[in-house]
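Scroll down for the structure; my scribbles are underneath it.
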């Protein structure tokens, strides 16, 4: 406990966010059932709710069903960010994506490029582009484009966001602010000051997303420019990397105890994936199955210090039960 408390008192650092599954305008589960669903029987919402407070006792023939019930019931009521807040937060924490432009060389065909980016204060992606790059020439001829971001590129069930918009050159009066925003995410990008480089802003038209592909909780939706820009970036998500790294390295058993106490699911392992002001997400395992669980905080976290306080409180509650 002492080392856990001491860690959270260290200086803060800003880190890249590690994204989560969401459903448009609803609080639906982020559980990954890529393997679990094949074993667990489909259940009604009513039967799931009846077992939300039950603990699983293994050795019985219906243990798989009990686990599915507990996961489903827990995930449906777990506190989480609204979908548009989640998307705004994930985009703000991301640093690279797939840019799609209209090819000038191969007319009528799309052209894809991996690009680094940073979001400005309004959530618009900023690109540092070279006049020599093919995608720059494409954008100058036709500004319509899209930017695809994966919260975790290695998780095919995870959140995918596509921002459609028009790429425009940043005006002279905005150069300093945009340069600062870009270098804050890419501090080693010294080439942005080269003569052939300039900044372009993708002005959003619509933001689409899909999550939970190949799981029991497939979801998709879209938000207008106004909805997207009105959403706020979660202030706690920036601390995800230092907190999760420390917890996974030094306190995995503590995380597992918290998950078991909150969900009643006797997970065999639990790795913290990310966090926000309302809670954190874990990748858990149980009897050969791997799935995601949402672990809500008892209340909204106010700052980095409060995250420490909440996790310690949750651990103390788990150890007292």
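Note: Cβ is positioned from N, Cα and C throughout, glycine not excepted.
As recorded in Swiss-Prot:
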TRANSIT   1-45  transit peptide
REGION    96-116  region 'Dimerization'
BINDING   130, 134, 135  heme b binding site
REGION    144-166  region 'Dimerization'
REGION    205-208  region 'Dimerization'
SITE      222  site 'Dimerization'
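Feature map: Swiss-Prot annotations on the structure.
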residue	record	contacts (Cβ under 8 Å, 6+ apart)
130	heme b binding site	136, 194, 196, 197
134	heme b binding site	103, 105, 111, 113
135	heme b binding site	99, 101, 111, 113, 115, 129
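Across the residues of the region 'Dimerization' (96-116), the predicted structure has a mean pLDDT of 97. Same-chain residues with CB within 8 A of the center of the 130, 134, 135 CB atoms, the heme b site residues themselves not counted, are 113, 129, 132, 133, 136, 137, 138. The DSSP breakdown of the region 'Dimerization' (205-208), given as helix, strand and coil counts, is 0 helix, 4 strand, 0 coil.
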